[in-house]
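Structure first, then comments.
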Amino acid sequence: MHLLPQAHSVQSQQFHVPARFNSNKGGHINSAYDSNLDEPPVYEETNDDHRTVRPSVISAFGHDTLDRVPHIDFYRNAGSMSGHRAVRPSLQELHDVFQKVSECRCRSSGTPSDDLESAAPTDDMKGMVKFGWIRGVLVRCMLNIWGVMLFIRLSWVFGQAGWGLGIVIIALSCVVTTITGISMSAICTNGVVRGGGAYYMISRSLGPEFGGSIGLIFAFANAVGVSMYVVGFAETVVDLLKENSAIMVDEMNDIRIIGCITIVLLLGISVAGMEWEAKAQILLLVILLVAITSNFTPEFRDGETFFSVFAIFFPAATGILAGANISGDLRDAQAALPKGTLLAILITGLTYLAMALCVAATVVRDATGNSSSIINHTTPVICNGSTAVACELGYDFSSCEVEKCKFGLMNNFQVMTLVSGFGPLIIAGTFSATLSSALASLVSAPKVFQALCKDNIYRALHFFAKGHGKNNEPIRGYVLTFIISVAFILIGDLNTIAPIISNFFLASYALINFSCFHASYAKSPGWRPAYKYYNMWLSLMGALLCCVVMFVINWWAALLTYGIEFLLYIYVTVKKPDVNWGSSTQAVTFVSAVSNALSLSGVEDHVKNFRPQILVLTGSTRSRPALLDLAHSFSKNYGLCITCEVFVGPRSETVEEMNNAMEKNQLWLKKQKRKAFYAAVACDNFREGAESLLQASGLGRMKPNTLMIGFKKNWRTAGAEAVQSYVGILHDAFDFEYGTAMLRVNQGLDVSHIVEAEGLYDISIIFPPAVALISFSLSFSLPVSVCGSPPPQVAKMNEKLVEASLQFKKKQPKGTIDVWWLFDDGGLTLLLPYILTTRKKWKDCKMRIFIAGQPGRSDLDKEEMKGLLKKFRINCSDINVFDDLHIKPRSESLKELQEMIEPFRLHEGSKDADQIRALQKQQPWKVTDKELSEFEEKTHLQVRLNELLKEHSRSANLIVVSMPIARKETISDFLYMAWLDILTKDLPPTLLIRGNHKSVLTFYS
């Protein structure tokens, strides 16, 4: 993409700028200086295929430079709604060779961001309503807290618990909400807060697994909360109807009818938009404040102590997130949420306490409501039971001991109207409290649910992500909330609905507190909340307190809540949503990984804990599937596997390609569920790159100990330099004490040419329908259009190649893994095939062991090997001993070897000494007659082994053979390649293994 400057630029050819002194303040002023140039430029995209260096500008530094001063616009997300994102010059633009760009004007849109929360603002969104901390948070929280419990259940709670434990109930609720409010304040001031409230804060702090699970529960709790407040309102209306003998059907059904009508009206207000909803909240607040004030005038009396009914009361405290739930509609959520929420908790806590004491002091638990029930002092009355307090005050309510009375704290939910200065005002307050809370929850639930759906954690729910109008109203969410609310309104009993949502809200509070603790514990540099008055251990205590209260309220409901949360957590974990929010979970995982790596570094390796840590030279992750699949079978989830690629060429040409390949290849491994890492280096030649990987890969004890490489099938045509590089890598691996494994598959391993062809041919033309599964296995997505087809013989070869490349991906048929353990290398040749037999794909394969024995004592060698395997606790189906390895191979086999090395022989026998020296200087890599003669026996051994392998292991699923070693500067590279080639020629998949001659097996406990 070509980037052109749009503003704040000067000609890029201008390198020297005249300067002068200005008498104003004696400052040194550049004549060409423009203060606006210090502001980041606005970038726009052009259609060019490449990106040129941005022109330099005159900056605050007074000279021509591409560098920019720090500015907020450089740190915005792409598409930020709070300002335009600017892109600073890249490091390459500042570091690479300078390019003159004439008449170039700047600008880039930067790297596209798929962060859904930073979607570009539309024209409709420019007029959206934003609230301050009073209307958006304080008013909303107070109205939600001053809900149904204030007028309808507070008297009942104190009737049950008495004023002593009643104060404890209110205090405990305030402690929980205050700690949660403090934790929320820390989280929401640690960066910009978008819409979604508690869900947004938890998901961005703990990650999508926790956020996704609690998001659904929290949205559902808010939806059920609507029904609780509406039922409270309907109860009050039905009590008025009962007083006036105007019951429509019966009390329960009247509550349902009135509740359904009310929820429809509230839905209309909510759908009308946030501005109308906010205006309705203000009106309801005024009525509510007047009603509260009227309760301070009655005559106060002493109270008694009763048992707690915390489960019924606690929903009164769940309104503290009312402001956070519409965080996306706040003008400055970071400043508004801490101030508004904590102040609301203080005001409402004191209000509840004052009103509760008022009621407890003026109303007894049971009363007849009959003013004539006065004690006649002429007749002695024994004061006991629930009416004892009334008795001491001169009232005879003893009839309430026999039958239920209609009045008193325990019997009349509208008792507030009796103790207030003006009863109808209390009814109006009840209406406003219940309706305001219902309205707030009716708005909160769809907003939270919409934020959850926008993140696409649950794909089936993405339908509800769509918003409407300038405020992006979640109309579909409103309808869903309406349906849920109506379903719970039909229950018709407030005492049944309240405990249901208490646990859900407490679970949310617990995770908010834990989020604050977790973020603090991770000590991530990105955790810098502007709100400083928090403590990580206080947040942890708050989380534990919430959990304890959940079980105190209702143990089975708590278990059910955590069960639902756990199932949702598992679902999100398995689905692995493609999001990255920089959660504290990631930070803690990193800290734990570093800590564990350091702990391992302080512990010496032990043979019992040895496991193959494989560095596999695959090139691109898709280039050699068979090599990667077999390496992954060794390491699986229990060992380190690093798939490596070397980019050969000048660094200026290869480093960009390498950087682009990093993320792409690691993502491919993740999608293919390969538990492996991808590493790449850029070097001038392949061997240097591989040497760098061998030396620098890994961390502490988590370093590779085994090199896995594919056999170089084209060694005879590749050229001397390529062969020397390949064999040199094997020498380097041995020098660095790596175990080494080399895989040979007759059809070859490299399918990179087929992968590259995916953009040129249709998959059905490269491969016939019989191998259509290849398309999926290699992650091909080829176009349907056909540019041409390869020749039939090439297509056939490609088909066989891909079939061979996929053979280790699928379950292996019943068969054998033949292990030719010819040389004691520490046990790696035996351990790797044993590990294969423990994998599901290889469980039907039995190990057969083949060893070399001395003539005349084969039986003894077999028994010794059987005893050794028994001590190693490694089972095998058969042990075969060969005492005829020294026999000369057949002449046709030797002829095959001679043809193989003939082009690389020096043939110095018929030449004089000077000619020999000249040839050796000219072609030092060639095989001399002397070398062939010296190593004739070892050469014949490879040929003889190939004959035996063909005879005994032709039907094996996999052959494992001890790899011969070529001594450095003694055996030429081409002779060594001939050994490897003739040893593994025309066999099933063969793995040559040579350990580093340090024990990897032990029979000691």
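Numbers run from 1 along the shown chain.
Cβ atoms are placed via backbone N, Cα and C, with glycine included.
Feature annotations, courtesy of TrEMBL:
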type	residues	note
DOMAIN	52-104	domain 'Amino acid permease N-terminal'
DOMAIN	136-293	domain 'Amino acid permease/ SLC12A'
DOMAIN	295-615	domain 'Amino acid permease/ SLC12A'
DOMAIN	624-758	domain 'SLC12A transporter C-terminal'
DOMAIN	796-1005	domain 'SLC12A transporter C-terminal'
TRANSMEM	137-158	transmembrane segment
TRANSMEM	164-193	transmembrane segment
TRANSMEM	214-234	transmembrane segment
TRANSMEM	254-273	transmembrane segment
TRANSMEM	280-297	transmembrane segment
TRANSMEM	309-328	transmembrane segment
TRANSMEM	340-364	transmembrane segment
TRANSMEM	422-445	transmembrane segment
TRANSMEM	475-494	transmembrane segment
TRANSMEM	500-521	transmembrane segment
TRANSMEM	533-557	transmembrane segment
Between the transmembrane segment (475-494) and the stretches 254-273, 422-445, 500-521, work out which stretch tops the count of Cβ pairs under 8 Å.
-> 254-273
Long-range CB partners for the transmembrane segment (214-234) (under 8 A, at least six residues beyond its ends), listed in sequence order, are 147-148, 152-153, 196-199, 202-203, 254-256, 258-259, 262-263, 266, 315, 318, 325, 430-431, 434-435, 437-438, 441-442, 444-446, 448-449, 451-452, 457-458, 480-481, 484-489, 491-494, 497-498, 500-501, 504-505, 507-508, 511, 561, 564-565, 568
Determine whether the transmembrane segment (422-445) and the transmembrane segment (500-521) share at least three Cβ pairs under 8 Å, counting only pairs 6 or more apart in sequence.
-> no
Along the domain 'SLC12A transporter C-terminal' (796-1005), what average pLDDT does this model show?
-> 88
Do any residues of this chain, six or more beyond the ends of the transmembrane segment (254-273), have a C-beta under 8 angstroms from a C-beta of it, and if so which?
-> 129, 226-227, 230-231, 233-235, 237-238, 241, 247-248, 280, 435, 438-439, 442-443, 446, 469, 471, 473, 475, 478, 482, 485-486, 489-490, 492
Of the residues in the domain 'SLC12A transporter C-terminal' (624-758), how many are helix, strand and coil by DSSP?
-> 66 helix, 28 strand, 41 coil
